[in-house]
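Sequence annotations record features per position, and here Swiss-Prot assigns DNA-binding region to 226-289. Annotated compositional bias 'Low complexity' per Swiss-Prot: 14-27, in sequence order. Under the heading compositional bias 'Gly residues', Swiss-Prot lists 28-38. The domain 'ELK' feature in Swiss-Prot is assigned to 205-225; the stated evidence is sequence analysis. The region 'Disordered' annotation in Swiss-Prot covers 13-40, 282-313.
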Amino acid sequence: MAFHYPDHGLAMDPSSAAASSPNPSFSPGGGGGGGVGGGEREKAAVAAHPLYERLLEAHVACLRVATPVDQLPRIDAQIAARPPPLAAASAAAAAGGPSGGEELDLFMTHYVLLLCSFKEQLQQHVRVHAMEAVMGCWELEQSLQSLTGASPGEGTGATMSDDEDNQVDSEANMFDGNDGSDGMGFGPLMLTEGERSLVERVRHELKNELKQGYKEKLVDIREEILRKRRAGKLPGDTASILKAWWQAHSKWPYPTEDDKARLVQETGLQLKQINNWFINQRKRNWHSNPASSGEKTKKKRNVTGDGGAEQSW
C-alpha cells in the first residue's frame, strides 16, 4: 500500500478530498482494493480519520493566502455548505470505512505538515513579489511624473491615513473616463480587479505588521510625554499665586525662607516645587531685562556673601 502526494489541490468535501489524496491501492488490511469498491473504502477512511479536519484547515489556509479579498466569501460559503464533522464520520462509518492503519496515519500527518510548509512558502512569495510589483509601479509613476510634471494622485484628494480603506480604488479613479489607456500612447496602466485586491491586501498586512512592531514603543513614548506634562503642570491656581508674587517682587525675585513658607501654605506645594519654579522662572526671564541683570547679580552677591543664601542658578 502506498500513498502519493498529488500536485493538484485538495477538494473541499470529504469524498473528493479522499479521492484526490491517497493511492487507490489502499484497502483494509493492506491488500489490493482496486475498482469502485476500493476507492469508496479509501474515501471513507480519509473522511473518518481524526486528522482530516486539520488537513482541510491547512488546505483552506493555503487557498486564502493568494485569493483576492473579494473571492474569500466563496471559500467561506463552500466550507459552510459541507456537512458537519460528526455527520461526515457517521456517513463514513455507515459506508464501512476502515481505520486505515498506521500507513494512513503517517500519510495524513505528512500531508498536514506539507500543507503548512506550503502555506509559509506562499506567504513569503506573495509578500516579496507583491512588494516588488508595488515598487515597480511606484517607479513607473515617478518616471511618468518626471516626464509630464503631473502627480499621479493630483486632484484625487487621496491621503495616507489609518481609516482609509479604498486608496487603491482612489488611485484607479485617475483613469475614469478613459478606456484604460494613459492617453499618451504608453498603453494600459490600470490594474485588474485581482491585482488591485492583491495590492490592497499586501498593503494592509504590511501596515498591520508595522503597527504591531512599533505599537509598544509608541505607547511608551506617549506615556512618557503625558507623564512629563503632568509632572510639569502645577495644580489649580498655584501658578497664578506664584506669578503674582513674582510680579510684586520683579526687581528682586528671590523669596526668603519666610516667603517660601507662606507660599507653601497658600499653594499647597512642597518647598522643592517652590524652589524649582522660581529657578525656572528666573531662567526664563533672565534675558528679558538685560539692563538690570548686572544690578541684580551685584545685589545677589552682597546678600549671599555669608554663604547662607539660595544656591545660584
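Backbone N, Cα and C define each Cβ position, glycine as well.
Looking just at the domain 'ELK' (205-225), the mean pLDDT is 76. Secondary structure of the domain 'ELK' (205-225), assigned with DSSP and counted as helix (H, G, I), strand (E, B) and coil, comes to 21 helix, 0 strand, 0 coil.
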